[in-house]
Each structure stands twice: as C-alpha cells, then as structure tokens.
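J.: According to TrEMBL:
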ACT_SITE  A:E324  active site, proton acceptor
ACT_SITE  A:H325  active site, proton acceptor
BINDING   A:Y124, A:Q188, A:N211  NAD(+) binding site
BINDING   A:S234, A:Q256, A:H259, A:H325, A:D358, A:E412, A:H417  substrate binding site
BINDING   A:Q256, A:H259, A:D358, A:H417  Zn(2+) binding site
Number of protein chains: 2
Amino acid sequence: MSMKLLKPEQFGLKREVEYGSPEQNAAVQQIVAAVKAEGDAALLRFTEQFDRVKLSSEQLRVTDEEIQAAYAQVDEAFLLAIREAADNIRRFHEKQLRNSWMDLAEDGTMLGQIMRPLKRVGVYVPGGKAAYPSSVLMNVIPAQVAGVPEIVMVTPPATGGTEGIDPYILVAAAEAGVKELYRVGGAQAVAALAYGTESIAPVDKICGPGNIYVALAKRSVYGVVDIDSIAGPSEIVVLADDSADPAYIAADLLSQAEHDEMASAILVTASEKLAQAVIAEVDSQLASLPRYEIAKASIEQYGAVLLVASLEEGIKVVNQLAPEHLEIMTVDPMSQLSYIENAGAIFLGPYSSEPVGDYFAGPNHIIPTNGTARFSSPVNVDDFLKKSSMILYSKQALLANGHKIMTLARHEGLEGHARAIEVRLNKEGQ
Amino acid sequence: MSMKLLKPEQFGLKREVEYGSPEQNAAVQQIVAAVKAEGDAALLRFTEQFDRVKLSSEQLRVTDEEIQAAYAQVDEAFLLAIREAADNIRRFHEKQLRNSWMDLAEDGTMLGQIMRPLKRVGVYVPGGKAAYPSSVLMNVIPAQVAGVPEIVMVTPPATGGTEGIDPYILVAAAEAGVKELYRVGGAQAVAALAYGTESIAPVDKICGPGNIYVALAKRSVYGVVDIDSIAGPSEIVVLADDSADPAYIAADLLSQAEHDEMASAILVTASEKLAQAVIAEVDSQLASLPRYEIAKASIEQYGAVLLVASLEEGIKVVNQLAPEHLEIMTVDPMSQLSYIENAGAIFLGPYSSEPVGDYFAGPNHIIPTNGTARFSSPVNVDDFLKKSSMILYSKQALLANGHKIMTLARHEGLEGHARAIEVRLNKEGQ
C-alpha cells in the first residue's frame, strides 16, 4: 500500500497523549513512594526486580575508569563526528544566552530581571536500543550552556546481569560535560532524582525521554521538581512545489517514518505531478530500508500526501498541523518563512534534510510534537534558567506613589497592604 | 500567641500541593468531557447549575455597552492609579521582549531562532471577592506585550441571578486591552477555552487563578493547550539586620499574612534584638487589622522568626526556602543580591515594601510559590512566546559534513536518516 493522496479536509492527525493505564499509574505511585521513603534500599530493590541487576550503593555511580574504558571502545569516526556535533550544538545554544538587566529611573528606583541557572539538573537516558548519543548532547549541552553547575545523568544498567552501559552513551555524556552518572533507570531513577537518596542528591529539574513508566514518574514528581515536556511520536511535514526533487522528499519522509510506527510523515503540495512522483519514490525507497516494517506501518497509518489548491493553502494546512519538523522545498523557501506560524523546527531548501538538524547543525532536536508547537518550543537555554524580579524602590518614589498603591490595595480589601505603605509615609512625615 | 522564635533547623515549611479529592477530579472530568462533546449547551447548563444564572448563547459575551457602563461606576482615584500601574507594568515587560535572530556562516549556512507570540490566550478571572483588578493587569499585559493578537477573558457571572461582573474587573480588563470577555466560570469555562464551543473559539494557552475545580480543569486540559503554573499560598521572607525598622518589617509580614490562612510570613535575622522588636510589632499591628482572623491564623501556623548566626547563614536559609517574595532590609542590601540564588521577586531596602510590587512598580506579581522559585520564574513575556528553530543548510555545508551525519545516524541504527543525506551526496556526485 502506497501513501494516501488526500485533500487536506479529508485528513486529521490526532494522536492521543498517552496517560498510562490505571495499573501503570498505580505501579509508578508505589515505586515513587517507596524510593521517597526508603532511599537507596528501594532503589537497589527495584533495580534488581526490573533490570535483574544486583548492585550495592557503592556500585550505583559510574566510575571515571569506566568512562575512560568506554573511550577505548568507540570508533574514531564516531568520536570525531560527535565532537564536531557537540561544538555546533554548543555554539548555537550560546546565542540563546541572555543577560540580567536593570532599569534605572530618575527618581532613584531600580527595577530588573536577574537570570540564573538552575543549580542541579538530572538527565534521563533510556537503556538498550532507545539510547541515542545524539539525545544526550541535545539534553545536556543547553543545561551546560545555561551555566547549570551540576548535571547528573541516570541510565539503566544493561538488563540481566552485566553492569555495562553502552560506551557510546558514556562517551557522549563525557563529551557533553557530564561528570556524575548513575546506573539506575525507570520510575525509581526519576524518584531518586526528585527526592534524593543516600547516594543521589535531589535535583531541580528532570529531563530526557523514557518509557511510559518514566513518563508517568516524571509527571507525578512535577511540582517537587521541574520536568521537560513529555515527547510524543515524531512528525515531519514537507511543503514543496514542482521545483523540489521527489527523491529528496521521499528519503526525508522515510527518515521520519523509520523512527516509530506512530511517527507521521506528510507531504503538502499543490503539484499533483510532484505528489505522484513522491508516492512512487517512497514505494521504491521503502523496499530496501532496514527498518521496513516500522516505516511501512507509519506511512500507512499516519503518512499522507495532501494536495492543496495553492502554496498559500499549503501554508494554512502547515499552521494547522503545527508539525515538529517542517521542510520547505520550494523555489524560494525564505519567502514562505514569515507565514509559518506553527512549526518547531523549519528546514529551508533542498540541502536542509531533517537529519542535518537531528545530528549536527546545532539547533536542538528535542522539539514539540503532536501540535504543541502552537504554544511550546524546542529545548533551549531558557529551560535551564530561572528569572527573579528585582525591585529597589526609592524614598522619593514611595512618597510620590504611596497613596496610589494604597488606593489599589484598599479597593481589593487588603488593608494590611495599604498599612505597609502607610507606616512608611507616616514615618516620613506625610 | 505571638510569632515563634526558632533556629532555622527547627523550622520546615512544607505545604502539600493540592491535587483535589477523587470526587472533585471525577466531577471535573465529567464537566470537561460534556463541554467538549456538547459545546454551548453544556456550558449554559453548568452555568445554570453552578452559578444559578440562566443565560442564552448570545448573552455569554460581555457587550461594549456593559464595559462603558462599568467605567461610570468606578471612582476616579482608582482609575488614575490603575492606569499608571498598567503603564508601569507595560514598560517593565517591554524590556523582556526579544528579537528573532539569525547566524550566517561563511559556508552559506543560516541558523536561527524565530520568536512568535501565541495566537490566542485565555485569562481566567475568579468571581466574587477573589477577583483582583491587579491580577487582571498582571496576566493580560505580558501577553499583550508579547504580541498575542487575541486575548480572551472569562469570569463567572455573579451567583444567583444577576449577570453583572464587578465593574472594577471590567475596567481593569479594558485598560489592559482585552476586547473579548465571556461571563462563564469554573471547570466549564476552562473546557470551553481548551476545546472551543459555538460561542468561544479555542485558545493556545490558559492562565489565571481559580478555585480547585478551575485548577483541576486546567491540569486536565494541559497538552491540548498550554497552562500557567498552579499558584500555591503566598509567601514572604524578610532578611534583615539591626539597621531595619521593626515597624516596617511587621507591616510587610502582616500584609502577606492577611492574604490567606495558609500564607507564610518569615523573618530571618541574626539580631535577637530585632527579632524581639518585630515580634512585639506584629502583635501590636495585628490587633487592629480588619482581616485579623486570617492574618492571625497564618502567623500562628506558618509564620516564624528564624534566628541565624550571621547574615551569611541567613542567606543560606533564604536559598533553602526559595520564597516567592524576599525583602532585604540590611545596611547595604545590594551587597547581598549576588548571593540570593532562589527567590521569585527580591525587594531591596526600606522603601521597597512588597505591596509596591504587588500593585504598582512594574514587575509581575504572579510569582512561583512553595519553593518552586528554585526552578521557575515570575510570569513574563516569554510565557506568551514560542520559538522555532530555523535551519538553512547550504550545498557546500552538506558536502563537507554529510558523511559525519551519516556516521552518527548509522551508529544509532537509523539507516533511513543516513540515506536522506546519501541521496543528496550521490546526486551531487560525491
């Protein structure tokens, strides 16, 4: 079965956010409560139960020797590529940094906004095949650029007896600057980061992807600590005209589809010729893809070619879909940019294939999914900063404005607020 | 009973976040589902049931005539004061605005971050005595400064038959620039903003305080739309030395305590003399406060004077408490500022009484509570902006870096990603 060719009104992309079953929620609540109450003892018990690895408290932390050993196991081409990627990611995120500022008024008043990094951040890295070195960089580097002094990583030990963690993950963590790593995963790791145990000090924010138990645990500790948003399945929308190369578009659609059976790959075009050519290319390229079954399921269920009347209508459709990734392959992609209201990352022109951004260019690859680009943003330095307001009111300003403040406070029935001003005005002889 | 004088280690401020009873959660789920399914019909039914006001769809929206009539009902001093406050708030928040930016590399690559306002924001304003004109300004103006083109306000009709909304709220909304107001409240209003009805178009973000039903409804629609954080009871910590005026400190502590029986007012000082003087002043000022019962309950349950060994220890205690509001009344408050890691708003010196910031100075008065200043920020313009990454990769850059990207993709087992690069390199003859 090939990609469906549809009018936009025939297509609706709605995938429900996963909230877990009542049983999964209950299991997570119980794990979180146990780690909160018992600390390391519960952490080690759950690690034995779920990962089938028996550890002592002393074995939780990954040693420097293990990290050095990991370097010996990764190949040189990988190391060079990930170092250059890390540099690019660091350089891009450094441009997001902001200064604290102050505004000094003529009456002596100073108002300001102070930017400070969070003190301690925990990054969750899933185990097994879901462990991506690139995601380690994308989670850790923005925190590091923000100035977070303590960045902690947790990742499950390999299931079933060995304590080994993928050396590529260890090297990516070290390259990103992580100095504190623990071999613990699942809801128990999230609980340890939120509440702390004898071995793991609590953090201010937890980020990084995980399975449904990790996601539910993060949701349940939100408020005790900050969390990042829970990622849904990945999406790409390509907006293209006749000038685009169908082989490029098909390859980019498939690179998204191979992620996950629930991933979504959509072409929006006013050209029926291009639409048909892309459908044929997808069929042909799909056949030889190693992750054929996954990509096929994604294309069949959530893939589509949406035929629109014009580029203008195409832009409207894009804004409604609010995709995680948008590629614009038109004669002059920059001239469409201003009209794109909702898209997490926008790739312009024939050479800006999505994997360029997934791995290397510099912008973050953790991007809002499932239409949430309407109101949220790719991971960035701001996610690891907090702001404080600063108010230094002068005597002159208080004398000039005190009565107005009292008027507003008394209108709201807050006499105590008014008197906090009045006690000062009285003392100053007004 | 006076304020307790304690060592910091004798004091722990922990108030649990309210998640509602199972019955309250079930009621909210049912209301939200009904409004999602039935639209206006459910909205009007719940308004009749909970507010005891029978409205038609046409009566939901507040008319321009009603807003004009409201202006005739508010007194001149209030109007002048709130206009000046709105100007100050607008001026402060305008300084938070940020530009989109682009970085142009020598190889033709352009990377950037595009800042855009959310398109449509809903502000909830509670009814009755909990309706504060100042909070209308603090929620609406940052959205307006961010450039949000559609700002909608919802507020319950007065309970029990009349359709009237407090004229002061209507005037504050109009002064802040709201042009679309609906007389609807509770969980049903939140559901209408999230999913839309025949009369109310859906929004991208819902903010503003409300009762437990409103809070639970906001939590349940999070993900469909963005929400602001759920505010806890208010807090003030005053850090002071012998140079401070005990009457000022006592008045400021009481202005916080009068908010809510769960509000918390704490003095941190190394001076036992100041501590005793403030305790005596609180007793004396409390006696004549109109909201005596509330302030007394707050002071008794959550108030304290924490006696520390030094200003340095005091700063540590402040950072542990991570208060919503911090006042520093010392000989040279600016010299402590750098050491304050966790505080939502910092008031410096004798004339920076908290009500100055609550009503007038310009910084936002919606500030993280319950220790969350460790990782979150006062409401600000960023809360109403979203970022998109922009990637325009040049042919030259792809030829230079394509193989590194393929190395990283293949390491992660994502051959489709590698091929999206390869198809381009092949075509370009590499």
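Placed from the backbone N, Cα and C atoms, the Cβ positions cover glycine too.
Have a look at these and tell me how they're positioned relative to everything else.
T.: A sphere of 10 angstroms centred on the C-beta of A:E324 (active site, proton acceptor) encloses 29 other C-beta atoms. Reduced to three states, the DSSP call for A:E324 (active site, proton acceptor) is coil.
Around the Cβ of A:H325 (active site, proton acceptor), a 10 Å sphere holds 27 further Cβ atoms from the protein chains shown.
For A:Q188 (NAD(+) binding site), the same-chain residues lying six or more positions away in sequence with a CB closer than 8 A to its CB are A:I31, A:V35, A:A42, A:L43, A:F46, A:T47, A:F50. Secondary structure at A:Q188 (NAD(+) binding site), as computed by DSSP, is helix.
Around A:E412 (substrate binding site), no same-chain residue at least 6 positions away in sequence has a Cβ under 8 Å from its Cβ. According to its DSSP assignment, A:E412 (substrate binding site) is coil.
Sequence-distant contacts of A:H417 (substrate binding site), defined by Cβ-Cβ distance under 8 angstroms and a gap of at least six in the same chain, are A:I405, A:A409.
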J.: Give the sequence-ordered set of same-chain residues, not counting A:Y124, A:Q188, A:N211, with Cβ within 8 Å of the centre of the Cβ atoms defining the NAD(+) site.
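T.: The surrounding set, listed in chain order, is A:P126, A:V154, A:P156, A:G185, A:G186, A:A187, A:A189, A:V190, A:G210, A:Y213, A:V214, A:A217.
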J.: So, in DSSP terms, is A:S234 (substrate binding site) helix, strand, or coil?
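T.: It is coil.
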J.: Using CB atoms and a 10 A radius, I'd like the single residue among the binding-site residues A:N211, A:Q256 with the highest neighbour count.
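T.: Of the binding-site residues A:N211, A:Q256, the most buried by Cβ count within 10 Å is A:Q256.
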J.: Which recorded positions among A:Q188, A:E324, A:H325, A:D358, A:E412, A:H417 have a Cβ sitting under 8 Å from any chain B Cβ?
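T.: Of A:Q188, A:E324, A:H325, A:D358, A:E412, A:H417, the entries that lie near chain B are A:D358, A:E412, A:H417.
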J.: Can you see whether DSSP assigns A:N211 (NAD(+) binding site) to helix, strand or coil?
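T.: Reduced to three states, the DSSP call for A:N211 (NAD(+) binding site) is coil.
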J.: Report, in whole Å, the straight Cα-to-Cα distance of A:H325 (active site, proton acceptor) from A:Q256 (substrate binding site).
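T.: Cα of A:Q256 (substrate binding site) to Cα of A:H325 (active site, proton acceptor) measures 9 Å after rounding.
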J.: Would you identify the secondary structure of A:Y124 (NAD(+) binding site) according to DSSP, in three states?
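T.: In three-state terms, A:Y124 (NAD(+) binding site) counts as strand.
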J.: What is the interatomic distance between the Cα atoms of A:H325 (active site, proton acceptor) and A:D358 (substrate binding site), given in whole Å?
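T.: That separation, Cα to Cα, works out to 10 Å.
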J.: Looking at the binding-site residues A:Y124, A:S234, A:H259, whose Cα is closest in space to that of A:E324 (active site, proton acceptor)?
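T.: In terms of Cα distance, A:E324 (active site, proton acceptor) lies closest to A:S234.
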